[in-house]
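A.B. asks: Feature annotation from Swiss-Prot assigns active site, proton acceptor to 281. Summarising the annotation, Swiss-Prot assigns ATP binding site to 44, 74, 75, 76, 77, 78, 79, 80, 101. Annotation comment: Swiss-Prot describes 220, 223, 225 as Mg(2+) binding site. As annotated by Swiss-Prot, domain 'DAGKc' applies to 3-139.
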């Protein structure tokens with residue numbers, strides 16, 4: 001049965017649409033107008049516009065109400081909407097339409113990476129509650145991390161990203177692996193303390209990061225737990241270890257280079273202090289407190305079992 005809503009709003013960014021914004025908007029609205037009696041398009045001109053819209057909506061400053069949100073853009077645009085919804089405790093479901101380089105969480109939602117196809121698939125979507133990471137006072141749908149992933153993001157040239165897309169990250173990743181920064185870390189979780197040296201720590205809620213699937217069979221963004229991957233060294237065997245599929249019960253028994261910690265709350269400290277990547281946005285430095293908020297947002301997804 002097709003999804004149908006009374007009033008919806010589509011947020012989009014000027015850089016969305018995978019190279020052709022207005023063509024993408026036309027394709028997307030063709031599907032979304034079939035889902036909504038009333039559809040509004042809202043351009044995000046500056047960072048923070050979408051979150052502020054959610055703040056104003058909570059205070060009823062907009063004078064209208066909506067029963068579905070859509071967002072066309074990359075992970076950063078999606079992250080802003082998730083923050084606006086989560087911090088205002090809105091119960092409005094979100095439909096994510098890929099319009100950036102990776103759009104990792106759309107893979108978790110079983111949506112096509114192609115803009116028009118994903119919008120069309122939403123016609124037959126279902127609504128499901130998903131967990132969210134709270135990193136200090138910021139929310140993350142997919143991941144948070146330090147180390148090589150931050151180096152990678154900071155070193156990607158904006159022009160190369162525009163021209164090469166995903167390949168720009170590949171080139172930068174190879175350089176970072178060859179010369180990573182090493183940190184002393186302390187993690188407090190599960191009434192225990194973990195410490196040592198690391199080149200990267202990934203705190204995952206979603207199944208995909210940087211366009212690649214995390215090889216943990218029982219990882220789920222709806223299980224009430226976050227999965228912390230601590231990369232102990234930085235040689236090429238680390239990469240081989242990470243991409244061998246395992247389950248959480250056997251991970252630490254068969255993987256020497258990457259420690260797995262599963263929890264719903266943690267504190268991370270590093271020496272020296274370092275920047276943290278939150279769903280592709282680098283916002284502040286360690287130390288950080290991270291909590292897993294169960295069923296915090298509602299998203300449209302495709303049930304592949306039907």
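Every residue gets a Cβ built from N, Cα and C, even glycine.
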A.B. asks: Between C-alpha atoms, which of these recorded positions comes nearest to residue 44 (ATP binding site): 220, 223, 281?
C.D. replies: 281
A.B. asks: Let me check the 10 A CB neighbour count of residue 281 (active site, proton acceptor). How many other CB atoms are there?
C.D. replies: 17
A.B. asks: Here are the binding-site residues: 75, 223, 225. Which has the lowest count of other Cβ atoms within 10 Å?
C.D. replies: 223
A.B. asks: Mean pLDDT for the domain 'DAGKc' (3-139), rounded to an integer?
C.D. replies: 91
A.B. asks: Which binding-site residues (220, 223, 225) fall within 10 Å of residue 75 (ATP binding site) by Cα distance?
C.D. replies: none
A.B. asks: Going by DSSP, how much of the domain 'DAGKc' (3-139) is helix, how much is strand and how much is coil, in residues?
C.D. replies: 53 helix, 41 strand, 43 coil
A.B. asks: How long is the line from the C-alpha of residue 77 (ATP binding site) to the C-alpha of residue 225 (Mg(2+) binding site), rounded to the nearest angstrom?
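C.D. replies: Given the Cα positions, residue 77 (ATP binding site) is 24 Å from residue 225 (Mg(2+) binding site).
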A.B. asks: Within 10 Å of each Cβ, count the other Cβ atoms, then let me know which of the binding-site residues 44, 77, 79, 220 comes out lowest.
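C.D. replies: Minimum Cβ neighbour count within 10 Å, taken over the binding-site residues 44, 77, 79, 220, occurs at 220.
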